[in-house]
Amino acid sequence: MNTENPIEKPFRKTGDPVDLTSESPLHPRRKSRRIMVGPVPVGGGAPISVQSMTNTLTANVPATLQQIAELTAAGCDIVRVAVPSQDDADALPEICRKSPIPVIADIHFQSKYVFQAIDAGCAAVRVNPGNIRKFDEVGPDICKAATDAGISLRIGVNAGSLDKELYAKYGGPTPEALVASALKEAHMFEDVGFHDFKISVKHHDVITMVETYRLLASKGDWPLHLGVTEAGPAWQGTIKSCLAFGALLAEGIGDTIRVSLSAPPAEEVKVGCKLLEYMGLRPRKFDIISCPSCGRAQVDVIQLASAVTEGLKDVTAPIRVAVMGCIVNGPGEAREADLGVASGNGKGQIFIKGKVIKTVPEDQIVDTLLTIANDIAAQMEADGQVPVNSTGPVVVPIQHPGH
């Protein structure tokens, strides 16, 4: 048996995201202006931030702050809270003061809450021009208040609340209708000298959403907030968001994202962070490779992979672990990972850096992997092996007209 201890050697990086600060050979990020949401930059080449929204009653300050803490722990950069009532507006000062990440107030219907949110210390306010009463009249005042407070705004256009005139003109919430709504308000903001805003044009349909953002991206340099509205339950919404975001981010479109799921908000953040990690747009953390299992598997791969994932869920080092169930792909995949196991005949071969270091009984595989993985992760962190924070996509996108 090989008695050499691979952990004592400088550890090989595997699959770190490519540093895409250069323009070639991949598609560059779309050029956009930079705005600030509190201390978080959005646009202008800044790292793509992950957002979510609380589902508590905002007026319930302890519950809202608890959920914000959970979102922060999951990797959330910016949080949005709903403000449908006066009680919610009254809760904003304390929430903003105690939140560890920037708070955006989400305002519909009542423009008075916009001004209260600005006064409360919100880092930004989302306004929906489709349902705020007399928005054309109050818009300039909102811009002035935001300018005086030094905060940014988001023009949030949704298919479900599109202005009635635009709906009738374009025959529904088409890409052209959504973009027309966004441009109308963007030009109004800019006409009064306000430029610190980003835009979202959300639709529940993936194809329509992608077409809408492509069209909007060709019209100006505003930072774009990506989202598939009303995406659905966890599995369905995850698929929709990954398809839509993947298509756009691969073309350099998108400056901040929110995965909308009918699920606990922290799940939105986990999906968003992993999506960006896999596209090379966010520092990579722990990742697991596991086979789908088949008739050749001689171990319960599903249970084994789940146990390893759960045991390493809090690891932040960019360690990649392979859990394989047979000898067909097992040794090869395990050798390509930082740490891996190829299982069979009631035992598992443990690989580190492509070398077999030991063979253990099946009932010791999980504990062995967790122990070694934590040792490797600790060394990675001690050696300063942190993943590159990329600024562009890692796949070659399809060019499209107007971009």
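Even glycines carry a Cβ here, placed using N, Cα and C.
These come from Swiss-Prot:
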- CYS291, CYS294, CYS326, GLU333: [4Fe-4S] cluster binding site (BINDING)
- 1-16: compositional bias 'Basic and acidic residues' (COMPBIAS)
- 1-31: region 'Disordered' (REGION)
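Recorded features from Swiss-Prot, shown on the structure.
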| residue | record | CB count, 10 Å |
| --- | --- | --- |
| CYS291 | [4Fe-4S] cluster binding site | 21 |
| CYS294 | [4Fe-4S] cluster binding site | 10 |
| CYS326 | [4Fe-4S] cluster binding site | 19 |
| GLU333 | [4Fe-4S] cluster binding site | 19 |
